[in-house]
Amino acid sequence: MKQGLILKSVLSAAIIASLAGCATAPAQQWEADKTYKLTILHTNDHHGRFWQNQYGEYGMAARKTLIDQLRADIEAQGGSVLLLSGGDINTGVPESDLQDAEPDFKGMSKIGYDAMALGNHEFDNPLEVLFKQKEWANFPMLSANIYDKATGKRLFEPYHIFDKQGIKIAVIGLTTEDTAKIGNPEYIGGIDFRDPKEEAKKVIAELKKKEKPDLIIAVTHMGHYQNGEHGVNAPGDVALARYLPAGELDMIVGGHSQEPVCMEGPNLVKKNFKPGDECKPDIQNGTYIVQAYEWGKYVGRADYEFRNGELNMVSYNLIPVNLKKKVEVNGETQRVFATSEIKEDSAMLEFLRPFQEKGQEQLSIKIAHSNGKLEGDRNVVRFEQTNLGRMIAMAHMQRAKADFAVMNSGGVRDSIQAGDITYKDVLKVQPFGNIVSYVDMNGQEVLDYLNVVATKPVDSGAYAQFAGISMTVADGKVSNVVIGGKQLRLDATYRFTVPSFNAAGGDGYPKITDHPGYVNTGFVDAEVLKDYLEANSPIDVNRFAPAGEIVYR
């Protein structure tokens, strides 16, 4: 970590703050008894998806067309627009990751984002990369609760003031304090991620004294948890709204938990939201809370009316960006647009295409070398423990700082041959873009889980590969479970990883996404394996060879 870069950012934030402090807040600019229209558009958890996926869904070119059209329509009716992002622009697909998300940040600038919250994945790279990204963005990256440990000063602009037809809007940025424990220690050792609730309280007091805004919006990367039940995660948006005096924040535009925040009733999230469904935002302690799922799949739209200092939401919806659904046509399954197709912006496509092509080229660059075959052939990996299955599990275990790891063999799609290894080889093994997730459970829960997962039959994708654990599997249950060299204790707490697909119940695994100890790390499996291969090259395949840890009888 380079202190010069930190100091540069601290000085920049300090200058901004001092200038704000010197200025006298202007008198009220809006007209009494006049109704103003204000629309907040928002996305979150972009995770490198600047290009459409293989089915032609989402992507920044289609998003630009949609947002340009919305902005034009709203302004033609006399309204104003503010476009916000809940953060996590980084980490998701190799074409973006290999280029430090340059197409993503520059693409956001072209779309016209007004501000974003810093997400935890903005700290997956060295700070030099983040400050470079800050220069690519022509909009402020906000976070009031990130401090430099050495100076005690904020690293980033805590808030930004916008004027929309005389309505003074303060937008505060907040970042989950969990970044301190899920981020890379090498890059964040000198950074203090403070309690965002406390920092919000401080900043709001400062704003009321110095700026006297008409509206205060928090753009956050903290997560939305039903009824504030955040489990092992740091408190999220619901806790923030409840912590502050009623109505202190007019709105929270969130991210991090990567879900559509659509409510069925008070403190009850709507399950299985689909494109085109009605979406009612959460309301907590007088504050609207919204989130637009992930990857630019939706653009959230909140329409407000502002009159005599009062803000009222008129409507809210999540607009799908070329999402598709499966239908049966003449006995064959096809994907069709769930709603009307959005044409991709040609200028944005022209801008992004060189980045996509460059990213594809970089996939052929050598990342590691192996002295033997890493076994992932379907007729082997679905029948027995293999060195590749174990390596993938070990990579997940290391990234999540877990005690052991579970990896479904159906997620291992190919072998890696001896010799040079490229990223393309990795993507052949793990092409699905599953996310590494983990859960903290007590020993009894772990035993119950293993009794289901470890007993899955061979010759199926559900057959599990393991790392960090040994056991005997017989008569439909497990015994002699040893984790970290010690016998399983029913009253102890253990952390294990599992692909997001299986965490959601895929392959008939127990669904654990609702478990209070569950965490979706946001790290894509192929990226995690790539990093592990690079760090451990040259690869000695014998190191990963199973040694009878899992005994089937």
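Each Cβ is built from the backbone N, Cα and C atoms, and glycine gets one as well.
Here is what Swiss-Prot says about this protein:
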BINDING   D45, H47, D88, Q258  divalent metal cation 1 binding site
BINDING   D88, N120, H221, H256  divalent metal cation 2 binding site
BINDING   F432, F501, N502, A503, A504, G505, G506, D507  substrate binding site
LIPID     C22  S-diacylglycerol cysteine
SIGNAL    1-21  signal peptide
SITE      H121  site 'Transition state stabilizer'
SITE      D124  site 'Transition state stabilizer'
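Excluding F432, F501, N502, A503, A504, G505, G506, D507, which define the substrate site, the same chain contributes N408, N434, V498, P499, S500, Y509 within 8 Å (Cβ to the Cβ centroid), listed in sequence order. In this structure the C-alpha atoms belonging to H121 (site 'Transition state stabilizer') and A504 (substrate binding site) are separated by 22 Å. Each residue contributes its Cα atom, and for D88 (divalent metal cation 1 binding site) and N120 (divalent metal cation 2 binding site) those atoms are 7 Å apart. Within its own chain, D45 (divalent metal cation 1 binding site) has G86, G87, D88, G119, G255, H256, Q258, Y293, E294, W295, G522 as residues 6 or more apart in sequence whose C-beta sits under 8 angstroms from its own. Sitting within 8 Å of the Cβ centre of D88, N120, H221, H256, and not among those site residues for divalent metal cation 2, are the Cβ atoms of N44, D45, G86, G87, A117, L118, G119, H121, E122, T175, T176, T179, M222, G223, G255, G522. Note: the Cα of F432 (substrate binding site) and the Cα of H221 (divalent metal cation 2 binding site) are spaced 25 Å from each other. The binding-site residues in question are F432, F501, and the one with the fewest Cβ neighbours inside 10 Å is F432.
If you take the C-beta of N120 (divalent metal cation 2 binding site) and look for same-chain residues 6 or more apart in sequence within under 8 angstroms, you find D88, T175, T176, D178, T179, I182, G183, H221, H256, G522. Taking the Cβ of H221 (divalent metal cation 2 binding site) as centre and 10 Å as the limit, one finds 31 other Cβ atoms among all the protein chains shown.
Taking the centroid of the Cβ atoms of D45, H47, D88, Q258 as the divalent metal cation 1 site, the other same-chain residues with Cβ within 8 Å of it are N44, H46, G87, G92, G119, H121, G255, H256, E294, W295, G522.
Nearest by CA distance to H47 (divalent metal cation 1 binding site), out of the recorded positions D124, N502, G505, G506, D507, is D124. For the pair A503 (substrate binding site) and D124 (site 'Transition state stabilizer'), the C-alpha distance works out to 23 angstrom. Sequence-distant neighbours of N502 (substrate binding site) (same chain, 6+ residues apart, CB-CB distance under 8 A): V406, N408, Y509. Comparing the binding-site residues H47, H256 on other C-beta atoms within 10 angstroms of each C-beta gives the minimum for H47. The most densely surrounded of the recorded positions D88, D124 is D88 (count of other Cβ atoms within 10 A of its Cβ). Within 10 Å of the C-beta atom of G506 (substrate binding site) sit 18 other C-beta atoms, taking all shown protein chains into account.
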